[in-house]
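The following features are taken from Swiss-Prot:
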TRANSMEM  359-381  transmembrane segment
TOPO_DOM  382-394  topological domain 'Extracellular'
TRANSMEM  395-408  transmembrane segment
TOPO_DOM  409-413  topological domain 'Cytoplasmic'
TRANSMEM  414-430  transmembrane segment
TOPO_DOM  431-443  topological domain 'Extracellular'
TRANSMEM  444-467  transmembrane segment
TOPO_DOM  468-475  topological domain 'Cytoplasmic'
CARBOHYD  529  N-linked glycosylation site
CARBOHYD  537  N-linked glycosylation site
TRANSMEM  556-577  transmembrane segment
TOPO_DOM  578-590  topological domain 'Cytoplasmic'
TRANSMEM  591-612  transmembrane segment
TOPO_DOM  613-640  topological domain 'Extracellular'
TRANSMEM  641-658  transmembrane segment
TOPO_DOM  659-683  topological domain 'Cytoplasmic'
TRANSMEM  684-704  transmembrane segment
TRANSMEM  735-759  transmembrane segment
TOPO_DOM  760-765  topological domain 'Cytoplasmic'
TRANSMEM  766-783  transmembrane segment
TOPO_DOM  784-787  topological domain 'Extracellular'
TOPO_DOM  811-815  topological domain 'Cytoplasmic'
TRANSMEM  816-832  transmembrane segment
TOPO_DOM  833-836  topological domain 'Extracellular'
TRANSMEM  837-857  transmembrane segment
TOPO_DOM  858-875  topological domain 'Cytoplasmic'
């Protein structure tokens with residue numbers, strides 16, 4: 001059986017698409033002309049009892065193109081002889097046309113369509129049907145019962161048949177293929193991505209007297225085939241074929257499809273409860289679309305669409321004149337963020353879209369994610385500084401710095417934390433003070449003051465613009481370096497536990513104690529004879545095999561510590577991924593995922609503290625400070641020592657500058673859909689002010705933490721799922737940009753000072769090490785460097801269809817990966833060196849990656865391939 005089938009794709013470029021990629025498909029992003037397609041009307045007269053088939057869509061590659069899919073199929077029956085010879089094969093003819101989004105500002109018909117249809121549109125909320133047939137039948141019955149829809153000559157069965165096209169042999173059963181649909185699709189350099197949560201179906205019929213619209217919202221996402229795996233909304237547009245060009249079914253469908261193409265708008269519709277709220281959301285969306293002056297709605301557009309949204313990356317490298325206006329960036333940041341400051345406290349608390357539950361779970365997550373590393377690094381600083389900076393001071397500094405940043409920062413989603421590189425720097429300062437007989441508190445304070453001075457200069461001269469030179473590949477190297485430091489800290493801590501308990505040190509202490517007891521007994525009197533003395537020696541100096549209890553205790557401690565660490569990692573990561581599982585209710589899955597870290601920490605802390613009481617576990621050291629807020633005597637240092645501190649402060653400022661801006665850039669990434677703007681320069685100045693106070697009082701420094709800040713954004717995000725090639729992908733709809741979560745977490749961290757030493761000492765060190773592994777593992781998601789390293793271990797047939805694999809020769813990919821690994825090893829060699837003075841210059845190695853990327857790598861790999869591999873990948 002043969003069939004003449006036509007499938008029409010309407011393409012529409014994104015609003016921010018400069019030019020198309022060099023792949024030969026398109027050369028620019030201007031609008032393309034299209035012809036009106038009216039041939040589908042003739043099918044009404046030839047409908048019969050045909051079967052149906054499915055068709056696969058074509059893949060279109062290009063940069064930042066969004067297009068609609070309009071499927072229109074026509075059937076011509078053939079004889080059974082052709083069917084027998086063809087073996088049931090059908091022919092599918094595919095063509096593409098461009099369909100622009102409706103411009104609500106310029107096209108008056110868009111307003112009239114929406115206002116007219118809202119008065120009589122049929123809205124079906126919470127539809128429980130699972131099949132497409134049942135959903136459409138429910139919508140048609142609702143349409144027929146509506147008194148405003150007077151269509152006496154309309155045959156619902158014929159109308160139902162008009163919605164589908166048969167494309168198969170009758171004896172093989174019916175597989176429905178919709179005749180005419182519109183579906184939102186975005187095509188970028190990384191491939192094609194369908195908006196699978198909505199589907200607009202078009203039908204024309206001569207018996208209809210006027211146009212009608214029916215919208216159905218499904219209770220649960222339904223899988224209706226390829227590229228329609230998560231459908232929540234169905235828009236049905238019915239119209240007679242003979243209409244003015246501005247009133248056709250296609251124009252009406254284009255109006256509603258334009259509105260539903262906004263992911264934030266679809267989320268609002270999911271939150272409505274009544275038909276009136278549903279229609280109010282439609283009117284509100286029309287008003288937002290009207291306020292947009294040029295082109296379609298940007299993906300970030302939300303309720304406050306008039307907010308100026310600075311770009312995540314500057315399209316061109318900064319010029320010298322960009323750094324000249326003193327304090328210009330700070331003034332612009334304050335002007336951008338200050339008008340929205342009250343909303344940072346009221347969003348999610350006041351209004352319709354409340355998110356109190358999400359705020360509570362996110363606050364608990366941040367509390368544990370900040371407190372436990374603070375305890376771990378505080379314990380490390382206590383060992384490295386001989387108690388000058390201990391756990392108590394580290395918790396106090398974390399609470400104070402976090403509170404100030406949560407209250408006054410321009411981007412409160414960024415989380416400040418003391419980190420492993422800072423602990424390395426503090427250790428270097430202690431070594432220098434011991435070598436040159438300097439007062440640690442004074443030298444530490446001067447180093448921090450110089451660091452803050454340089455950070456303030458960077459902020460006033462707008463040096464954050466330099467971060468636009470950091471490519472994705474450079475960011476991935478630094479991010480992976482941070483993850484490696486977490487893993488290394490966990491491994492080193494576990495090795496220390498095994499060295500202390502599993503191997504000979506525990507027994508050495510045991511023998512020492514027994515020997516001292518023997519000496520004391522031998523001095524009791526000379527009346528003991530030689531045989532008794534020999535017996536005592538033999539008893540107390542027994543071999544290790546004769547001390548089963550002692551040996552068992554030490555080995556049990558080491559093995560249990562390893563199991564506790566791995567168990568914390570396993571439980572935390574399993575719960576973190578639990579929201580992707582099919583078990584339990586979606587709300588329960590989301591809560592378990594948000595509270596994964598607290599649950600894992602509390603569970604294994606209780607297991608180690610109460611389940612194995614007889615086994616000694618390694619705990620962090622706590623020595624309460626008599627005066628934790630004593631100010632350093634900065635005047636006691638000589639001018640030469642102050643000058644030396646300036647050099648250390650400059651190198652430290654490089655680390656702060658890179659970490660702060662890099663993490664802030666990851667938080668403000670376009671895929672996170674933040675709407676309140678950025679404040680790179682002001683946040684850098686605020687960071688300098690905060691660390692000035694911490695330096696004077698001998699508290700540990702803090703800066704933006706990775707991956708805590710991106711995880712904070714993720715915890716506050718509403719996501720929409722889509723299914724492609726059997727994999728579930730999440731797209732962020734919006735993020736609750738609030739100060740309450742980081743503010744609450746900082747308050748809880750400060751109150752934790754009251755929990756020292758008990759019950760915080762119930763948290764053993766292996767749980768802290770498990771936390772480090774959890775943070776390192778979760779930070780690897782989406783890291784292309786890790787994915788490309790994994791390609792070396794896979795056979796070529798198992799390579800994923802990513803954009804760089806399709807567009808870059810395989811050898812070039814491996815060359816680029818190898819060069820990245822070499823840079824990572826160089827960074828690790830300096831940052832993790834056993835020589836203290838080598839650790840000081842690893843921030844310069846980070847800066848050196850900029851000329852390596854722009855000067856050295858293009859000499860080895862073509863620039864066009866480098867640009868592809870540095871592009872964002874969205875599956």
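Glycine too: its Cβ is placed from the backbone N, Cα and C atoms.
Contact between the transmembrane segment (766-783) and the transmembrane segment (556-577) is supported by 3 or more Cβ pairs under 8 Å, counting only residues 6 or more apart in sequence. Break the topological domain 'Extracellular' (833-836) down by DSSP state and the numbers are 1 helix, 0 strand, 3 coil. The recorded stretches the transmembrane segment (444-467) and the transmembrane segment (735-759) do not share 3+ CB pairs below 8 A when only pairs 6 or more apart in sequence are counted, and are therefore not in contact. Within the chain, the topological domain 'Cytoplasmic' (760-765) has long-range Cβ neighbours (under 8 A, six or more residues past its boundaries) at 372, 375-376, 379, 493, 497, 561, 564, 601, 605, 608-609, 617-620, 622, 752. Three or more CB pairs closer than 8 A are found between the transmembrane segment (684-704) and the transmembrane segment (414-430), so contact between the two stretches is assigned (pairs 6 or more residues apart). Put simply, of 359-381, 556-577, 735-759, 837-857, the stretch with the most CB pairs closer than 8 A to the transmembrane segment (641-658) is 837-857.
Counting residues 6+ beyond its ends, the topological domain 'Cytoplasmic' (409-413) has Cβ neighbours under 8 Å at 333-334, 336-337, 344, 664, 667-668, 674, 677-680, 682-683, 686, 709, 712-713, 716, 735, 737-739, 742-743 in the same chain. Within the same chain, residues 421, 424-425, 427-428, 469-471, 473-474, 477-478, 648, 651-652, 654-655, 658, 816, 819, 823, 826-827, 829-831, 866 sit at least 6 positions outside the transmembrane segment (837-857) and bring their C-beta atoms closer than 8 Å to a C-beta of that stretch.
Most Cβ pairs under 8 Å to the transmembrane segment (735-759), among the stretches 359-381, 395-408, 414-430, 556-577, belong to 395-408. In the predicted model, the topological domain 'Extracellular' (431-443) shows an average pLDDT of 90.
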